[in-house]
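Novice: Dumping the structure here so I can ask a few things about it.
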């Protein structure tokens, strides 16, 4: 309290007409001193602006490079987006969304195929590219009948997925038996295209929980799983490409590994 009184007396003395030489100078000096004292009394606030996370690049050691290294139409919002689009396929946002959907679906099939190729050959000893026509197989098919069956079944499934892509949730209807509850099981429980979740597509609850029969997605887990899935999907697609080259030479993945 004594220090505050002393400071007030000093300030009043500095602004007196005797020391200032006039009312005009007194008023100006008083305003400056008052502003200085108010500024000193008011605690300073520091505003820290969080810097935006830098975009990840598929060539981390190269800076710049234009659209080959850092395309402007890829902003890093997609899971696994590292700016790789040398052909510029994603310049149109609508096409970018479709290509991501295609990459996701092909990657899932590739992951399933890689596991099936290894397990199938290890169990039966039959090369994966001859399994369908093997007479001792559980269900032997010729190449023509196998291709026709695949086109029929996959054509039906893919056509429904195509319609749902352009008209979301339009396929969540009771298109099967009344007791199968297809509208409930096949509906999109996360709201994200390509990631339906729910009790049917996430029965282990890896990306959500089920409370009172309702699936509640966990956004943090879902984002981490999206990134992990697209990384594994890309590796699986590269693996299938290698398998195709090996099959052209009459080799199998297990044979190439010496197993």
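Backbone N, Cα and C atoms are what each Cβ position is placed from, and that goes for glycine too.
Predicted, not measured: the structure shown is a model, and the values here were computed from it.
Pulled from TrEMBL, these are the listed features:
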BINDING   103, 106, 229  chlorophyll a 1 binding site
BINDING   108  chlorophyll b binding site
BINDING   234  chlorophyll a 5 binding site
Novice: Do you know offhand how many angstrom separate residue 106 (chlorophyll a 1 binding site) and residue 234 (chlorophyll a 5 binding site) by C-alpha?
Specialist: 9
Novice: What whole-number Å value do you get for the CA-CA distance of the residue listed as 'chlorophyll b binding site' and residue 229 (chlorophyll a 1 binding site)?
Specialist: 8
Novice: How big is the Cα-to-Cα gap, in Å, between the residue listed as 'chlorophyll a 5 binding site' and residue 103 (chlorophyll a 1 binding site)?
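Specialist: It is 8 Å, counting Cα to Cα.
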Novice: Does anything in the same chain, at least 6 positions from residue 229 (chlorophyll a 1 binding site), have a Cβ under 8 Å from its Cβ, and if so what?
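Specialist: Result: 79, 104, 107, 108.
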Novice: Compute the centroid of the Cβ atoms of 103, 106, 229, then list the same-chain residues not in that set whose Cβ lies within 8 Å of it, in sequence order, for the chlorophyll a 1 site.
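Specialist: Once 103, 106, 229 are set aside, the remaining close residues are 102, 104, 105, 107, 108, 110, 230, 233, 234, 237.
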Novice: For residue 103 (chlorophyll a 1 binding site), write down the residues of its own chain that are at least 6 apart in sequence and whose Cβ falls under 8 Å from its Cβ; none is a fine answer.
Specialist: 230, 233, 234
